[in-house]
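Heads up, the thing below is written out as structure tokens.
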Amino acid sequence: MGYMKSDARIYVAGHRGLVGSAIVRELTRLGYTNLVTRTHAELDLLESEAVSAFFAAEKPDFVVLAAAKVGGILANNTYPADFIRDNLDIQNNIIEASYTNGVDRLLFLGSSCIYPKMAPQPMPESCLLTGPLEPTNRPYALAKIAGIEMCWSYNRQYGTKYLAAMPTNLYGPGDNFDLNNSHVLPALIRKTAVAKATGAKELVVWGTGTPKRELLYSDDLAQAVVFLMNLDEGTYGTLLSETEPPLINIGTGEDVTIRELAETVGRVIGFEGELVFDTTKPDGTPRKLMDVTKLNGLGWKYSVGLEDGIRRTWDLVKDSLV
Ligand SMILES: NC(=O)C1=CN([C@@H]2O[C@H](COP(=O)(O)OP(=O)(O)OC[C@H]3O[C@@H](n4cnc5c(N)ncnc54)[C@H](OP(=O)(O)O)[C@@H]3O)[C@@H](O)[C@H]2O)C=CC1
Ligand SMILES: C[C@H]1O[C@H](OP(=O)(O)OP(=O)(O)OC[C@H]2O[C@@H](n3cnc4c(=O)[nH]c(N)nc43)[C@H](O)[C@@H]2O)[C@@H](O)[C@@H](O)C1=O
């Protein structure tokens with residue numbers, strides 16, 4: 001426990017999602033007793049009046065903004081309007097309501113796709129807005145960049161203390177395992193499970209298999225989020241500068257090719273067939289490795305390695321996938 005006391009009122013927006021559920025688990029594990037949550041059915045975060053009324057009634061001290069319209073490369077490419085509109089609306093509503101209701105610390109979750117497609121690798125926080133974005137997720141990335149700018153602008157104009165954390169690609173139990181709309185790792189787990197169960201000789205992997213991705217287990221991400229929200233005032237204050245966005249990367253600092261990822265999933269699940277690459281599907285960004293110097297410098301490092309994390313996820317989901 002740190003800056004947030006055990007009875008602090010903490011609103012986790014998106015608590016049923018991959019990230020939000022991991023954050024609730026972590027806060028509960030640490031002994032937090034005053035969590036505030038609402039399902040999508042109970043509170044539609046696109047509705048600004050409903051969000052204002054909810055904040056006015058519940059008065060959270062802290063907010064983790066883990067609700068968003070989220071999906072993999074194909075979902076982003078197929079529903080660009082939904083991705084930019086819903087994300088802008090959700091984050092605008094929550095950030096404004098947090099300000100008007102005196103929330104102390106808010107942590108906004110963005111994504112590594114905010115950085116330019118051809119950013120230097122690994123990508124430091126300072127490469128934000130230094131080059132063109134990857135087209136397959138530009139609407140989503142621009143919404144997330146607007147969220148960072150909102151946090152920074154509110155901090156500067158209103159003296160709020162909002163932080164924007166940019167996780168790398170995430171995975172874990174509670175992920176979306178849909179074959180079309182999900183991210184690569186849950187999709188590969190599901191496809192591999194089906195291939196094994198049906199005795200298939202081949203497994204179709206999208207794209208060329210050469211792009212590289214960095215993957216972080218959701219429980220590690222949750223630990224990093226709570227670690228940041230619990231920083232002492234002085235250290236937290238160093239992240240909120242007048243001259244730079246209040247931005248921090250969360251990742252492992254290590255990446256693998258999509259081919260290596262598919263091979264690792266095959267090893268964990270026990271699939272021995274061939275990988276076939278469907279190059280009619282987009283590759284997306286060639287590489288987006290996070291520079292995690294800033295986060296490591298504060299004293300946080302990931303603990304669950306990739307193969308271990310895939311094994312943990314597989315153990316938890318295998319009975320529900322095929
Ligand atoms: N997954 C990843 O690889 C990465 C995720 N992130 C970021 O982490 C955050 C969480 O992502 P993740 O957990 O993966 O996503 P999920 O889709 O698993 O969870 C998002 C949650 O937000 C809720 N939500 C969406 N729209 C609304 C709405 N209008 N009203 C109320 N609730 C809503 C969803 O509820 P429902 O399902 O009922 O709609 C869901 O519970 C996002 O900001 C994302 O950008 C960043 C980097 C990588
Ligand atoms: C988190 C992040 O996630 C998204 O960006 P992405 O990393 O490009 O997305 P992805 O996980 O879907 O794919 C990664 C790579 O994997 C390849 N790939 C192979 N086979 C499958 C497959 O079966 N499914 C998927 N989805 N991808 C596959 C795929 O072709 C690509 O080369 C954005 O939402 C972005 O906005 C964002 O923030």
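Note: Cβ is positioned from N, Cα and C throughout, glycine not excepted.
Going through ASP175, ASP232, ASP283, ASP291 against TrEMBL, the one listed in the substrate site together with LYS191, TRP206, ARG213 turns out to be ASP283.
With respect to ligand 2, the binding-site residues GLY14, GLY17, GLY20, PRO167, LEU170 contribute no residue with a C-beta closer than 6 angstroms to one of its atoms.
Between the CA atoms of GLY20 (NADP(+) binding site) and CYS113 (site 'Important for catalytic activity') there is a gap of 20 Å, rounded to the nearest whole number.
In terms of local Cβ density within 10 Å, TYR140 ranks first among the recorded positions TYR140, TRP206. Nearest to PRO167 (NADP(+) binding site) in space, judged by Cα atoms and limited to the recorded positions CYS113, ARG213, ASP283, is CYS113.
For CYS113 (site 'Important for catalytic activity'), the number of other Cβ atoms no farther than 10 Å from its own Cβ, over all displayed protein chains, is 24. Taking GLY17, TRP206, ARG213, ASP283 as the candidate binding-site residues, the subset whose CB lies under 6 angstroms from any atom of ligand 1 consists of GLY17.
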